[in-house]
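Student: Dropping the structure in here first, questions after.
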């Protein structure tokens with residue numbers, strides 16, 4: 001069986017683990033400028049302190065988009081989760097927001113089977129400013145063709161088994177979109193499975209190359225691409241094998257595939 005690697009830091013015992021292993025954060029990138037990525041959020045779990053475990057994106061003043069494997073497959077207690085809006089450095093003057101509801105996609109049970117997407121409803125809407133505001137969702141017709149240069153952001157590890165060091169700055173890396181069929185072929189290299197078995201599914205999007213990728217702790221965070229002058233969220237950090245390895249692009253949940261589901265809960269206008 002393909003050894004798949006989760007991108008989330010260990011969190012709830014309810015997280016689906018087998019047959020999955022951990023993966024690792026932003027590789028090959030740099031610290032993000034303080035005025036960029038105003039939709040980036042950090043999800044926190046209450047341990048000895050409110051610890052970062054996944055990323056997410058603000059898509060509405062009261063809604064956060066993230067990966068289902070961060071909080072599922074069963075619905076986690078929202079009282080055990082907090083959201084920190086865009087911060088340059090983790091744990092520096094935190095202002096954590098309460099969550100009223102966590103909604104995982106009903107067909108999710110493991111990352112490699114797709115539907116790795118979830119919504120968090122905040123108890124109160126946030127105040128929108130130049131520093132904090134939602135990212136735009138793409139139109140259903142947007143395909144993000146192969147070679148499109150996009151950006152992924154997060155506070156995850158900076159290499160395999162290498163944690164992001166203090167002061168834990170938000171990192172960014174530019175990654176090219178890889179066409180699904182090519183990505184699937186890449187993932188079949190060195191894997192003993194039939195060519196008729198699709199590892200990369202239609203609801204997934206691939207991006208990254210050797211030396212440039214997302215990693216552990218980045219799960220749930222946004223992959224964004226600038227289209228006609230507007231930043232659109234193309235994907236949600238989901239899974240991969242290793243970190244920035246040859247023939248192993250990062251795999252993201254394709255946002256356009258789940259627009260109808262998202263808008264069952266999240267208003268289109270605000």
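Glycine is no exception: its Cβ is also placed from the backbone N, Cα and C atoms.
Among the features that Swiss-Prot reports, signal peptide is placed at 1-25. What Swiss-Prot lists as domain 'Peptidase S1' is 26-267. Residues or ranges marked as N-linked glycosylation site in Swiss-Prot: 46, 127, 228. Per Swiss-Prot, the feature disulfide bond maps to 54-70, 150-225, 183-206, 215-243; the stated evidence is sequence analysis. For 69, 116, 219, the entry in Swiss-Prot reads active site, charge relay system.
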Student: Counting other Cβ atoms within 10 Å, pick out the least crowded of the glycosylation sites 46, 228.
Tutor: 228
Student: Given the model, what does the mean pLDDT over the domain 'Peptidase S1' (26-267) come out as?
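Tutor: Averaging the confidence scores along the domain 'Peptidase S1' (26-267) gives 90.
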Student: Which one is it: of the recorded positions 54, 69, 183, 219, 225, whose Cα lies the shortest distance from the Cα of residue 116 (active site, charge relay system)?
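Tutor: That would be 69, nearest by Cα distance.
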Student: Fewest other CB within 10 angstroms, which one of the disulfide-bonded residues 54, 150, 183, 206, 225?
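Tutor: If we count Cβ atoms within 10 Å for the disulfide-bonded residues 54, 150, 183, 206, 225, the smallest count is at 225.
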Student: At the Cα level, what's the spacing in Å between residue 46 (N-linked glycosylation site) and residue 70 (disulfide bond), rounded?
Tutor: 14
Student: Starting from the Cα of residue 70 (disulfide bond), work out which of the recorded positions (127, 150, 183, 206, 225, 228) are within 10 Å.
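Tutor: Near residue 70 (disulfide bond) by Cα: none of them.
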Student: Within 10 Å of the Cβ of residue 116 (active site, charge relay system), how many other Cβ atoms can you find? Include all protein chains, please.
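Tutor: I get 33 for this one.
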Student: What number of additional C-beta atoms lies within 10 angstroms of the C-beta atom of residue 219 (active site, charge relay system)?
Tutor: 32
Student: Within 10 Å of each Cβ, count the other Cβ atoms and name the one among the recorded positions 69, 70, 127 with the highest count.
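Tutor: When each Cβ's neighbours within 10 Å are tallied, 70 tops the list.
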Student: Can you tell me the CA-to-CA distance separating residue 150 (disulfide bond) and residue 206 (disulfide bond), as a whole number of Å?
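Tutor: For residue 150 (disulfide bond) versus residue 206 (disulfide bond), the Cα atoms are 11 Å apart.
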